[in-house]
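The next block holds one structure in the form of structure tokens; read it before the comments.
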């Protein structure tokens with residue numbers, strides 16, 4: 001079996017898993033979701049492994065912690081904090097990966113790259129603040145992490161505008177959007193549409209991030 005055939009097959013499997021999981025969320029079928037949610041990052045990791053000759057430990061680590069985030073958030077009532085912590089670690093790893101692509105730049109360029117993400121976080125915090133209670137500190141820490149990831153991805157794109165960096169930036173932006181909707185869904189107003197948008201944005205964001213890293217490594 002050729003490398004391209006392996007990549008194609010792995011990508012098809014990931015797509016089928018993703019579609020099935022989205023279907024489970026739309027139809028509120030918890031049984032299907034319990035089966036396919038853990039397979040999202042597992043199948044995406046396979047796509048990465050068959051696409052590159054030298055595997056990046058940190059990317060696999062990010063997918064590993066994302067896997068556990070998915071698993072914990074299947075039961076948000078009892079394990080929301082654990083899911084948050086798992087995704088926090090994943091974001092920190094993504095920050096490490098993204099900043100490794102950066103070179104020294106002006107403070108102004110760094111700050112202007114941070115502005116859209118800081119404004120989004122502050123605005124979101126203003127909406128959910130009164131409902132956070134004991135979750136204020138964890139949400140603050142998580143918000144800083146995802147804002148930093150977004151900033152690093154935007155700065156990376158501004159330093160070198162190419163296809164891989166475009167995918168990485170879009171992946172980061174969609175991840176931030178997905179997490180923002182989770183915050184609104186949990187601490188502001190619960191909407192079924194949010195659940196659907198969250199999973200779609202999340203799946204696409206993770207795929208784009210992995211696709212970007214593959215492009216950079218190849």
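Numbering starts at 1 and runs along the chain as displayed.
Including glycine, each Cβ sits where the backbone N, Cα and C put it.
Summarising the annotation, TrEMBL assigns transmembrane segment to 34-50, 57-74, 80-103, 110-129, 135-155, 167-188, 194-214.
In this chain, the transmembrane segment (110-129) lies out of contact with the transmembrane segment (194-214); the count of Cβ pairs under 8 Å, excluding pairs fewer than 6 apart in sequence, is fewer than 3. For the transmembrane segment (57-74), the neighbouring stretch richest in Cβ pairs under 8 Å, chosen from 34-50, 80-103, 110-129, 135-155, 167-188, is 80-103.
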